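Asks: To start, I am sharing the structure in question, which I have written as structure tokens.
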Amino acid sequence: MLLALDAGNSNITIGAFEGSDLVCQWRLRTVHDQTADEWGILLRNLFSPAGLDIRRVDGIIISSVVPPIDSTLAFMTQRYFHTNAMFVGPHTDIGLEIRYDNPNEVGADRLVNGVAGFYKYGGPCVVVDMGTTINFDCISAAGEYLGGSIAVGIGISINALFSKTARLPKVDFRRPKNVIGTNTVASIQSGLYYGAIGMIDGILERVISQLGPETKAIATGGQAHMIVEGSRYLKTYDEHLTLQGLQMIWERNHPEAPQSE
């Protein structure tokens, strides 16, 4: 069994794979000062309720954009899973040629999304990952990671609006019934929702004009399913894209690993 961890700024998403099949998924908060023992006990306690045997974990792959917790996660995997985790980085064999000016600057999650987008949907493609930031990752038809855009995330926008104004309430992100809000909450939700869509569609329009009209646009991440409902360019929502990309990279680097039928 493969354990795949995507450590982001706000959450850590964890997936258990049997071959290429995702059999269970969990989401935990990213806690910078959590110890290896706390992480290990927390992860081990997830398995039994899911009906999984932790002793069957024989591989762990991690993509992380949170350097302060990398060494803690590495030690945790050694102590509690008796294996050395594979960390995805710019020198990992991911099956894409990285065309970024400085490959060391590319977040591991962006590379992983590029792999999953290209090998699941073909190129050219652009993956839009909506997390703490909104990342646009572009892959050519030849399988080259070209780069993309990084924009402010929806959660950051909500927090900034709430913290920098005296009378505006903090609201949940949701699709409003109408673009014209008839109360303060509805007006804020309209601005957040259609503002995000306008930004995303504006960037995608320019990306598609550069990569070509055959470009596939794939959405993943927290609020992506709501954005797809209103976007002109995003028609595909893939909830597990990042975890599947991690599994693909593991499989590429461990061809001897058993595959699902």
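Any Cβ shown, glycine's included, is placed from N, Cα and C.
The ATP binding site annotation in Swiss-Prot covers ASP6, ALA7, GLY8, ASN9, SER10, ASN11, ILE12, THR13, THR132 and is backed by sequence analysis. Taken from Swiss-Prot, the feature substrate binding site applies to TYR100, GLY107, ALA108, ASP109, ARG110, THR184. If you look up Swiss-Prot, you'll see ASP109 marked as active site, proton acceptor. Look at Swiss-Prot and you will find ASP129 tagged as K(+) binding site, backed by sequence analysis.
Give me the local environment of each listed feature.
Replies: In the three-state DSSP scheme, ASP6 (ATP binding site) is classed as strand. Summarising the environment of ASP6 (ATP binding site), the number of other Cβ atoms within 10 Å of its Cβ, over all protein chains shown, is 26.
All chains included, 12 other C-beta atoms sit within 10 angstroms of the C-beta of THR184 (substrate binding site).
DSSP gives ASP109 (substrate binding site) a helix state.
Of all Cβ atoms in the protein chains displayed, 27 besides its own lie within 10 Å of the Cβ of ASP129 (K(+) binding site).
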Asks: Using the recorded ATP site (ASP6, ALA7, GLY8, ASN9, SER10, ASN11, ILE12, THR13, THR132) as reference, state which further residues of the same chain have their Cβ within 8 Å of the centre of those residues' Cβ atoms, listed in sequence order.
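Replies: What remains near the Cβ centre is THR30, VAL65, VAL66, GLY131.
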Asks: If you count other Cβ atoms within 10 Å of each one's Cβ, which of the binding-site residues SER10, THR132 has the most?
Replies: THR132
Asks: Nearest by CA distance to GLY107 (substrate binding site): which of the binding-site residues is it, out of GLY8, SER10, ILE12, ASP129, THR132?
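Replies: Result: the closest of the binding-site residues to GLY107 (substrate binding site) is GLY8.
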